[in-house]
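Read the structure below first, then the notes.
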């Protein structure tokens, strides 16, 4: 089977994280996967023209017992994607996805929320794998004006029942996300990153453990408890130092009490008018991290009219000061 030299160079660069026998089997599997009709391992071998080259169990062992790191493969893919990255902070997307499965005895399967089959009135569970995925956002030269998320790191989420069944320690999706962020921070120490995620990854479990050089834009509840900075402590004051400043209006109250700006934004291919307020605050659950909160109220489209609340977390700079960042409006909590 013929492959272009440019694509073969990508495969060899990614295969550098494996030993020679595993790399040869892995390249064969990838070639067959591109041309196979049904993506079973047997169909992959037939499409790659590798039937009889070696025992078929060698290709099964690539994913079962071969010694290679999925994290190292993801970091190698990031290195190949560097020419596609823009200057400044590298944009990352973080989310979880459901891969439906049918095998009852398959490792890691369980009942998970199915966002495609669910509605606002009815939540549907489906059997399968739940993957937490960290991707880098890139713009391809052949498709100007559009961005694509290139998956880098993956973690398989096991619910409590599946973790107990396989005798593994239960870890939440935010904990798996923090693990991937730390892995990327360690593997790429020279770049700054900006993570975009929904409200599932915008709470204390991620914000409190966000690595250095990482910013986060996510959604915030409209009734979130917000505070001002802690007042300067007097030397004569007794007792434990305050951790939070005076109480501030929540995001929903900010629209009522603050002067709003009216903007026209292009969202999902159409022009929408929004009313926006913003401010620098501290969240009650994460009192040590400065956040920039943006609340947007849709004015033009009644069908989708709702409040949007988002925040941006900014780490400290070299002098220990916290810098606010430009924040893009987050997704609507009601429309999620």
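Yeah, the Cβs are placed from backbone N, Cα and C, and that goes for glycine too.
Checking the ranges 197-226, 227-256, 257-286 against TrEMBL, the region 'Disordered' annotation falls on 227-256. Helix first, then strand, then coil: DSSP counts for the compositional bias 'Basic residues' (236-246) stand at 0 helix, 0 strand, 11 coil.
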